[in-house]
């Protein structure tokens, strides 16, 4: 035994125990060697593993542990020192590696524990995300239902259809057993069952609006759960054996109460709502979920908006119908007014013609009598007749002018005229009357007043004569001054007339005319009345001088046509009166100073001029008028030939006739003028053709000018007027009075 290098076991081996230890060490070694292989396999399969060095150490530790158990198989029997040395080395290495691994695990284990914490956190986060996704899906589903319901609700603008559709769609979407709408009554003190889901024509149950449950619902815009046994929820036809389903109620704002015929809300009440009640089925355990309540609230708001739109549409349709009725009534009134205006104009035209014809006889014969030898008493009577006839003729002219102004048919006849000559003509016309009444006339024309202007000369003269005539009528003594200036733009603003807006321009100017008298004056409160047609003041001493009351009314219309303004000023009775008017006149583009292209109608006193031997042809189908006009012409020394028809006029007319007076109101009157031009082709051979008419309409003048007449004279005609007409015609002046 001394030569054997073996280590004896310390105790005798038992065969059975040795056998079990041997087998156990073998399997332990096998397990230790398989674990690193498994770790290596799964680490290679893993894309991310942050602890590779730890794995190497752990693998080495396991391999060494397996090696010690494997070497330990040779230590159960007699073994050499070499085996003991290998065993020792293996255990030392195992101890070193195990200690290093243990030290490394001190740093690794917290990370491994935190990984578990993160895992739990991620699981919780994932669960939360799942819940949020569920909410999002629920919201999307709710939104889809809201859009669908909104589309159905707003697909019509009929109020009843909107409410019926709302109940049907809510019942289908939420699977409701019943859905009802309670509307306020006319008094606003009760709610009436108006619409239900299951009943087409619900019985009109009513409940007081002051119920606590109704106050609770009306106090919030959220859906409120209410008791199934409250009055507004008792809508089920059969009680059934199941527990009633949950019931919610929500208010529906009524934005347009008038459309619901609610007239008498309580004085302090702001509860302008309807009540919508929704019931879940009784045979289910369903409960109202949050998203369903939100859906109900949104639908209630959409119903309110749709009802508002429907109410607005109903109002607009009623307004349209009312407007159509008003338009029909206005159109009927317009047609009636046009018919009345045409009838009035036709009446005035006929009366004008029929009145001027006998007036022509009265004035003509009176003027003829005035130039005969009469006693003072006879002359006074003739002058009175002539004055009254002229006044009546003026009244006829005023009525016709006012009629044309009112229906808008009167238009200004603008042309270039001598403005200074207009004022001189007015002065010449009023001088005889002023001299009789011993009134001093003063005319002041501003140095910068243009000599020529563009406008309606005839209407301007008419305005000035009317105003000056009024001044003379109400002035027994003293003076009358006429002042004409170019108005400065800054002085035209008048606070009393806010709608008068003069505009500056290089092509026109504003003429300001002031007529001041020392007459009886006017009460300041009576001034506005003077511009009303047919209105007259009770001025002392003026009643005997009053006229028709149309003069100033017509003047105002003419001034307005000329883009002007007229007003009166007076400090009171006995203190005189000042009439001021402003009109807009044009400035001529250029003037030929040597020979103006126009002639102003300045009054010329022809005295007792006669026309001995002047051959005149007179055509008139009215025997009285023909006789009177012939008398005037004979009185002026003319050789007169009279005819009663156009055919006879064409046949009788010759080169010897200097003037042809024809009544264009008779049949074929204008045609006769045309045929005269055809008969006398040369201008110097044709007699002057003048219309003698009682028509004052614009068409008559246009027709006279169209057929080439040399003038148009308006009846009635006096001796002086006929004398002036003949003088102007022989001087080749064109005269158109109508």
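Glycine is treated like the rest: Cβ placed from N, Cα and C.
What you see is a predicted model, and the numbers here were worked out from it, not measured in a lab.
Swiss-Prot tags one of the stretches 23-43, 128-148 as transmembrane segment, and that stretch is 23-43. Long-range Cβ proximity for residue 65 (Cu cation binding site), meaning a same-chain Cβ under 8 A and a gap of 6 or more residues, is found for 32, 94, 98.
Taking Cβ-Cβ distances under 8 Å and a sequence gap of 6 or more within the same chain, the neighbours of residue 69 (Cu cation binding site) are 25, 26, 28, 29, 32.
Counting only same-chain residues 6+ beyond the ends of the transmembrane segment (54-74), those with a CB under 8 A from a CB of the stretch are 22, 25-26, 28-33, 35-36, 39-40, 43, 83, 86-87, 90-91, 93-94, 97-98, 100-101, 104-105, 108.
Mapped onto three states, the DSSP output places residue 65 (Cu cation binding site) in helix. The C-beta environment of residue 663 (4-aspartylphosphate), restricted to residues of the same chain at least 6 apart in sequence and closer than 8 Å, consists of 619, 620, 621, 622, 625, 669, 691, 692, 693. Counting same-chain residues at least six beyond the ends of the transmembrane segment (23-43), those with a Cβ under 8 angstroms from any Cβ of the stretch are 49, 52, 55, 58-59, 62-63, 65-67, 69-70, 72-73.
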